[in-house]
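Copied from TrEMBL, the annotated features are:
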- 28-164: domain 'MARVEL' (DOMAIN)
- 34-54: transmembrane segment (TRANSMEM)
- 74-97: transmembrane segment (TRANSMEM)
- 109-131: transmembrane segment (TRANSMEM)
- 137-161: transmembrane segment (TRANSMEM)
């Protein structure tokens with residue numbers, strides 16, 4: 001019992017262009033993999049936004065402006081979170097817009113992608129919590145990074161167990 005398949009097409013004027021249509025498969029959204037993918041996108045965007053907003057500190061002391069560059073751990077979390085939420089968005093678009101998109105999420109490549117997402121997010125989150133404890137925004141980015149790591153790890157385990165059956 002899933003959502004119905006939705007066929008979309010565009011009717012246009014009488015021109016000599018071939019018709020354009022695509023199928024929107026909404027059944028992926030009902031699956032645990034689809035729910036985890038959406039949760040990964042949301043937590044990845046939140047991690048990215050928090051880490052990005054904590055990247056530069058500017059202090060103004062009378063007429064002297066001091067700018068402190070971010071720690072490498074913040075740059076690392078910015079990079080990892082952007083790449084993983086963007087790739088998760090591409091996987092979601094692939095699963096929704098193609099007839100074989102769900103097959104992408106059942107490959108060994110996808111298991112490795114999610115497993116490395118777990119490792120990268122976990123290492124970034126731990127480094128932010130350990131090194132940036134004095135800055136609350138970076139600490140929040142570290143917490144969301146660990147939440148993202150748990151989501152990616154759970155997703156990798158789910159796909160691996162499903163593939164093993």
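Residue numbering: from 1, along the chain as shown.
Note: Cβ is positioned from N, Cα and C throughout, glycine not excepted.
Those TrEMBL annotations? Automatic predictions, nothing curated.
Since the structure is predicted, the reported quantities are computational estimates derived from the model, not experimental observations.
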Per the Cβ under 8 Å criterion, with at least 6 residues separating them from its ends, the transmembrane segment (34-54) contacts 28, 70, 74, 77-78, 81-82, 84-85, 88-89, 91-92, 95, 105, 117, 121, 128, 132, 135, 137-138, 140-141, 144-145, 147-148, 151-152, 154-155, 158
Sequence-distant residues near the transmembrane segment (109-131) by C-beta distance (under 8 Å, 6 or more away from its ends) are 40, 47, 51, 71, 73-74, 76-77, 80-81, 84, 87, 91, 138-139, 141-146, 148-150, 152-153, 155-156, 159-160, 163
Reduced to three DSSP states, the domain 'MARVEL' (28-164) has 108 helix, 10 strand, 19 coil
Across the domain 'MARVEL' (28-164) the predicted model averages a pLDDT of 88
